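Trainee: Can you keep this structure in mind? I'll have questions shortly.
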There are 2 protein chains.
Amino acid sequence: MVNVGIVGVGLVGSELIAQLVAHGASRNLRIVALSSSKKMHLSNEQYTGITSDWRQAVDSGEPSDLGRLASYLAAGKDHGVVIDCTSSDSVAELYPSWLKQGLSIVTPNKKGFSGDLNLYKSIVELSRSANGPFAYHESTVGAGLPVLATLTDLVKTGDKVTKIEGIFSGTLSYIFNNFSSLSSSEPKNFSEIVSVAKELGYTEPDPRDDLNGMDVARKVTICARAIGLPATLETLAVENIVPSALQTVASASEFLDRLPEFDAHFAELNGEALKEKQVLRYVGVVDPQGGSGVKLVKYPASHPFASLQGSDNIIKFTTERFPNGLIIQGAGAGAAVTAFGIFSDLIKVQERVHV
Amino acid sequence: MVNVGIVGVGLVGSELIAQLVAHGASRNLRIVALSSSKKMHLSNEQYTGITSDWRQAVDSGEPSDLGRLASYLAAGKDHGVVIDCTSSDSVAELYPSWLKQGLSIVTPNKKGFSGDLNLYKSIVELSRSANGPFAYHESTVGAGLPVLATLTDLVKTGDKVTKIEGIFSGTLSYIFNNFSSLSSSEPKNFSEIVSVAKELGYTEPDPRDDLNGMDVARKVTICARAIGLPATLETLAVENIVPSALQTVASASEFLDRLPEFDAHFAELNGEALKEKQVLRYVGVVDPQGGSGVKLVKYPASHPFASLQGSDNIIKFTTERFPNGLIIQGAGAGAAVTAFGIFSDLIKVQERVHV
């Protein structure tokens, strides 16, 4: 058995619990600890699995104490894994202490893998042993798409990655797939598409948190570090496509109200691309020779990025062994696919601890 | 350490040896046995790694005896893995005996996983234990592309695969990407493209061995079995696109000489597709509801299969969690990427035996 503790029981955490309740037992995975931001519930000394009524158990539980949750997992005779389903910096800072207690980490939280480089190095160092504990974070990039697993395989087997290029944000994928297309008759206004994306729930509460490129920058940083580059958010060239006059307006609603003033600006950029039979895409690039960054790029119709649909992510690795690229494409956001990525990582841990 | 024995030292085997000599030591992988179809070389009782002059060691070795090779690997204190780089049925039939001796299997050989269903079941059964031995065969489909690893993750985590559709053959990818395109001015003759593909070394010595669909059928069978279907080559509907009059001609050269007689036939099929603004692609399909097979299918320009280039493979999984598809694309043939897939599998074994 593997004892699983889940920190963060929002959309992704709840979906993960549902997937584990349905399919975890056959993989010897047992949820024994759950924590929301306020309350937590630990199972008993026999580490009995928590399955039904978990929500009520958490809501009526003791005050959340992640130190105690980790000690509880570490005290079990079975291997313990903490799954961080928050997006919190302060939870990520706890990973080294958890790894030191022998607990594996699985997480979709980007903070520990894209923030402070020393924290990242410490996580890597403490999860290096063949006997565990392990740290997996597939779902930080492209949700459940096998992006980091594939990158890791390429690196471990000695391939040389010469470029990683991708549309890493479902939100920006949706926006530019709809805004910049060679097949649509009449281009829509940029502001209109952003508003629809927000209504569909595709954007952050303030869409500027998508358009400023920082979410993509974190994913680029994670990919860069996965191939051994000492990348940091601070050194990455990030093209913030929020018009500068709107970067400082106070509220999301004021931003959306005023965005139409800049429709002509975006239409001009788009028009230039379309005139060359190209489309605009907002991409993240890892280039070991320099030039890593997040930016608007033009692609011809024949390029796989040009025919992307919906809110799919697409990531292309160019390597010595794959000079024409290895491409992975599909839904890169949403609770079901994010939880799938976490669950897959959890099975990798389970398989490596031989249970 | 993991002791590695390689059976088959042709193109793929040699490339794998090169990759392991360059990058295997840091992963605790050590080649200790090599066999060609005639000769073999086993290292000493200390299982010293074979690195340089391996070719000469094999050529001047003892007569090949795979039983003895397996016993030698099994007698070591370190975990042993046999890598079957042949395409032989008779080698695949040995897997159960090797697994029973505690040896893991890694292979790009499709025979054991697409042939006799009882052999397949026996391999699966004998490699089921959490402590090993293990059997990995990523490179049987799409070479090093993460096709089976991803399918396995989907299945293990309880996702429901509703369809697998792909261009599984580099040869047929090249032929139809060049034959059926919405952007090219004047379609080339089918026979001409097949001849060029043969000259480039993309086809089997007799191109009918590609065009008859059996290679794709094997890959479809492997994918179907990976999601739990009891598929066999015999029950699969395979569209053999070799004109029936040419299926029985004696030699490859006679086939190529006479293929131009059927250019009008292929041009007509292509013309019908292009008139509908679609292209022809030769695909393999796994459909759990029935309808699995290998066939010519028409796709509109916006479909990812339509814009494929070169000899890339592309495989699309449609599942409950990925209703719009998870797509993997890239080189699916060639020694470097096939060896990469084997090497990645080998690292999975190494990680699971904790060394």
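Cβ from N, Cα, C; glycine included.
Take a look at what TrEMBL says about it:
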type	residues	note
DOMAIN	B:8-132	domain 'Aspartate/homoserine dehydrogenase NAD-binding'
BINDING	B:Gly8, B:Val9, B:Gly10, B:Leu11, B:Val12, B:Gly13	NADP(+) binding site
BINDING	B:Thr86, B:Lys110	NADPH binding site
DOMAIN	B:146-347	domain 'Homoserine dehydrogenase catalytic'
BINDING	B:Glu204	L-homoserine binding site
ACT_SITE	B:Lys219	active site, proton donor
Trainee: Spatial neighbours of B:Lys219 (active site, proton donor) among the binding-site residues B:Gly8, B:Gly13, B:Lys110, defined as Cα within 10 A: which are they?
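Mentor: Correct set: B:Lys110.
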Trainee: I'd like to know which of the binding-site residues B:Thr86, B:Lys110, B:Glu204 sit within 10 A of B:Gly8 (NADP(+) binding site) at the Cα level.
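Mentor: The binding-site residues close to B:Gly8 (NADP(+) binding site) (Cα within 10 Å), listed in sequence order, are B:Thr86.
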Trainee: Based on DSSP, tally up the residues of the domain 'Aspartate/homoserine dehydrogenase NAD-binding' (B:8-132) by helix, strand and coil.
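Mentor: Looking at the domain 'Aspartate/homoserine dehydrogenase NAD-binding' (B:8-132) with DSSP, the answer is 56 helix, 22 strand, 47 coil.
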Trainee: Do any of B:Val9, B:Gly10, B:Val12, B:Gly13, B:Glu204 (binding-site residues) have a CA within 10 A of B:Thr86 (NADPH binding site), and if so which?
Mentor: B:Val9, B:Gly10, B:Val12, B:Gly13
Trainee: Rounded to the nearest Å, what's the C-alpha distance separating the residue listed as 'L-homoserine binding site' and B:Gly10 (NADP(+) binding site)? Just drop the number here, would you?
Mentor: 15
Trainee: What does the structure give for the C-alpha distance between B:Lys110 (NADPH binding site) and B:Val12 (NADP(+) binding site)? Integer Å is fine.
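Mentor: Distance (Cα to Cα, whole Å): 14 Å.
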Trainee: For the domain 'Aspartate/homoserine dehydrogenase NAD-binding' (B:8-132), what's the mean pLDDT in this predicted model?
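Mentor: Mean model confidence (pLDDT) across the domain 'Aspartate/homoserine dehydrogenase NAD-binding' (B:8-132) is 96.
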Trainee: Centre the Cβ atoms of B:Gly8, B:Val9, B:Gly10, B:Leu11, B:Val12, B:Gly13, go out 8 Å, and tell me which other residues of that chain have a Cβ in range of the NADP(+) site.
Mentor: B:Ile6, B:Ser14, B:Glu15, B:Leu16, B:Cys85, B:Thr86, B:Ala335
Trainee: If you count Cβ atoms within 10 Å of the Cβ of B:Gly8 (NADP(+) binding site), leaving out that atom itself, what do you get?
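Mentor: 23, counting other Cβ atoms within 10 Å of B:Gly8 (NADP(+) binding site).
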